[in-house]
Amino acid sequence: MGLSSPTLILAATVSLLGGIVFGYELGIISGALLVLKTVYQLTCFEQEALVSAVLFGALLASLIGGIIIDRWGRRTAILASNLVVLAGSIILIATSTFWWLIVGRVTIGFAISISSMACCIYVSEIVRPHQRGMLVSLYETGITVGILISYAMNYFLSGVNESWKYMFGLAIVPAAFQFISILFLPSKPHKLNFWEQDTDDGFIELEETGEAGEFKPDTYDRQYTFLDLFRSKDNMRTRTLLGLGLVLFQQFTGQPNVLYYASTIFQSVGFQSNSSAVLASVGLGVVKVASTLIAICFADKAGRRILLLAGCIVMTIAITGIGIVSFTVKMDSHRDCGSVTGRNMSSGESNVSQLLGIVHAETSTINTLDNSVHQLAMAIRSPSLANSASSNHKDLISQNSTVLPASPELPSNYTILNWITLLSMMAFVSAFSIGFGPMTWIVLSEIYPADIRGRAFAFCNSFNWAANLLITLTFLDVIASIGLSWTFLLYGVVGLLAIAFIYFFIPETKGQSLEEIDKQFSTKRILQKRETSKGVGKRPSSGPPYQRIGKASPS
């Protein structure tokens, strides 16, 4: 094993705790909002602003976070993000005004976005090639666990006086543990991949004996500017296009909006009592956790490319199935948001409410349970999670029902179609959790040179957030233009394009060091790389594998 067991455990802990903080912060607002909207007499617009504040903070972090990560280091960025989580939590606990709540949530969003990028990059650099996929995927598991913990806290603290302060404050606990854990890990982990890759010597021991300064690989001699991402130097333009393709297809396959209709689908198959809704949410949570565990187990065995392809194929089939079935199973796509106060909203506020609202259930109890369904379903990579969390919380601020409940008198074939829809949605969630969810971020943490990896990762991440916003804010217009069924079918077409993109352009990176991956991208074209990816898993005992590839494809 490349890393000593304590170091490996610490690396896994850092990845897991980072995901827990991310998931908890996105999920906890659902319970807190139930109290806050009464305490502060919030309008719909104010509730939506409070929920969306995390999203805007995260988007801001994705724009400037790469500079922080590359200039001050991955570990420093993670440590700083924990301190920012602490600051944001204190603001939320101590505040007595609505606008300070906004400031606190924006601060939290900024922190968890920085942490998510830095964690994925840091862990990918500190572990051996055969461990990288598993440990980076642990971040996804942490997100799922964090959301489940937030749901439990929402339940247990619901009757406590000023419960929202405790809800926000508990985020300090996992952040503090992550802060302590990472103090025992090296500050410059990328050197680990250069040293004695087939022995048990790790970076920490080499740094202590001074051996790390005797050799500096030329990969880290190279300096890059941000503009190099768009130039042909070392095939950087190709790498950028690959990263952008992955994050854009991750969003444009419709993943956020499909899950906005989870409550409608559950109601259409008869989950209308409290116990049934809880069962549905638990079932979806089990599917999510199981799928994430599958991704962890097979990321370094089956490989990133295989899981991306398999996940995207299942997603395409599932979303197409939902589209076809929804021609028969009527689901009301109307969105509404009712204010808890008597204050009038401006037309602008009303428009924002319509754009950001989702399908609502009939009672506040069902709203809360549907909210948990969304949270469990959306335990995925950073931007996707943030937007889904927004949808969850907006369930809570609804007062009017627009769901068409299933009737017990419906014919059996109609019931079968409802269940097909439900199973298709679960398959979609599962496939995303195995493929696009974790694999996108593993690949992004691998394909860029170390000197610009943070900025490149953040650049792609900003497009992910932007695409997530775009697809959400245009969803109503698309439905109004072509209908809900055709919207889902359109996502299916995008899924087909994503399959082609992955098949023809995404290489396999399992089993390779980050330096070998960088060399391959620097010395040959992407199509050549894909053709040779079948032999990637077994590296020669000496000498870099790209030499053999170069002989096969002389330029």
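Using N, Cα and C of the backbone, Cβ positions are placed for all residues, glycine too.
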Candidates Trp441, Trp486, the one Swiss-Prot lists with Gln250, Gln251 as binding D-glucose:
Trp441
Same-side membrane placement of Leu42 and Met439 in Swiss-Prot:
no
Give me the CA-CA distance between Trp441 (D-glucose binding site) and Asn161 (N-linked glycosylation site), in Å, as a whole number.
40
Taking only the CA atoms, the spacing between Gln250 (D-glucose binding site) and Asn161 (N-linked glycosylation site), expressed in whole angstrom, is 41
Write down the Cα-Cα distance for Gln251 (D-glucose binding site) and Asn161 (N-linked glycosylation site), rounded and given in Å.
39
Cβ packing number for Gln251 (D-glucose binding site), 10 Å threshold
25
Smallest number of other CB atoms within 10 Å: among the recorded positions Asn161, Gln250, that is Asn161
Counting only CB pairs under 8 A, let me know which of 83-103, 106-126, 133-153, 465-483, 486-506 has the most with the transmembrane segment (16-36).
133-153
